[in-house]
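Record features (Swiss-Prot):
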{"type": "COMPBIAS", "residues": "144-160", "note": "compositional bias 'Low complexity'"}
{"type": "COMPBIAS", "residues": "243-261", "note": "compositional bias 'Pro residues'"}
{"type": "COMPBIAS", "residues": "262-283", "note": "compositional bias 'Low complexity'"}
{"type": "MOD_RES", "residues": "THR204", "note": "phosphothreonine"}
{"type": "REGION", "residues": "82-92", "note": "region 'Important for nuclear localization'"}
{"type": "REGION", "residues": "144-171", "note": "region 'Disordered'"}
{"type": "REGION", "residues": "161-220", "note": "region 'Required for interaction with CPEB3'"}
{"type": "REGION", "residues": "233-287", "note": "region 'Disordered'"}
{"type": "MOTIF", "residues": "22-39", "note": "motif 'Bipartite nuclear localization signal'"}
{"type": "MOTIF", "residues": "228-236", "note": "motif 'Nuclear export signal'"}
Amino acid sequence: MQLEIQVALNFIISYLYNKLPRRRVNIFGEELERLLKQKYEGHWYPEKPYKGSGFRCIHVGEKVDPVIEQASKESGLDIDDVRGNLPQDLSVWIDPFEVSYQIGEKGPVKVLYVDDSNENGCELDKEIKNSFNPEAQVFMPISDPASSVSSSPSPPFGHSAAVSPTFMPRSTQPLTFTTATFAATKFGSTKMKNSGRSSKVARTSPISLGLNVNVNDLLKQKAISSSMHSLYGLGLGSQQQPQPQPQQPPSQPPPPPPPPQQQQQHQQQQQQQQQQQQQPQQQTSALSPNAKEFIFPNMQGQGSSTNGMFPGDSPLNLSPLQYSNAFNVFAAYGGLNEKSFVDGLNFSLNNIQYSNQQFQPVMAN
């Protein structure tokens, strides 16, 4: 009788776990077991298992069995909560060697426990043996008596009997990861990484887009432009400096020079131009060798366009330019006397030091 009562209790309280306070549900089971033992005293017939089956039946429906009501009061549970969590129209038959139940008036009768030694039990299907509550999926039956933690005692009979199923809450297994699976997850999360990130276009630098900008070339061009502006300012200054002074013409115009002297001046100019053309074109320069495309303004009065070209490899020799400008001035004023013109301007070529003269570079806005 103890074994059959324990099977029926496990089936009933399986509906109450996780819905009502667990401690009170356990007390409800203990009180119900005690009350059922008292009720079945003198009404247990192993020789005739089905005798008194209606008296031993536990019914929960519109009318609740008095044993269920008494156990609810002793455990502190509300009878409405117990009836609301149990199946509607539940009937449990506790008979010797067999425990069965029915849900609903027209529902099928299912067997929870049956003994192998019973002649009627041998005719039943083996799948019915040691069955448990199919509605309560959170409980697992333990068929091994050695590993059973149930408080159900051993069968009181000498022959072998089926062990009552013990129901235990199903514990959630922790997530386990291998090295490969954990590497594919986010740290601190069990969600997999989003593979859509790899489809995003990465930021590209200007070099990868074809905009190859060389900083050294920019610095060289900036230095060349500043030097060109300074040289251009020097050329203009050398041309504009002697111009304000000749505005004060002498009181008496000088007589025209004789023809032999004019011819001598033309010969000197031609010799000077030949010397300039014979000078080597490739010399060391402080400018960048890539600055060959810059053209200086024509600083000579009667020079070709090639004389205005300043080679990148030639040195910054300003002496030929300055002296050529001086001779061009004489060529423009061919009718003036050289001595009186120089004395009027107070212009001395020996006093000017071109190598030591410091110039202020002119920066263009």
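Glycine is no exception: its Cβ is also placed from the backbone N, Cα and C atoms.
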(request) Report, as numbers and ranges, every residue of the chain located at least six residues beyond the motif 'Bipartite nuclear localization signal' (22-39) whose Cβ falls under 8 Å of a Cβ in that stretch; write 'none' if there are none. (result) 1-2, 5-6, 8-9, 12-13, 16, 56, 58, 67-68, 70-72, 74-77, 82, 94
(message) Limited to the motif 'Bipartite nuclear localization signal' (22-39), I'd like the whole-number average of pLDDT.
(response) 92
(request) List the helix, strand and coil residue totals of the region 'Important for nuclear localization' (82-92) as derived from DSSP. (result) 4 helix, 3 strand, 4 coil
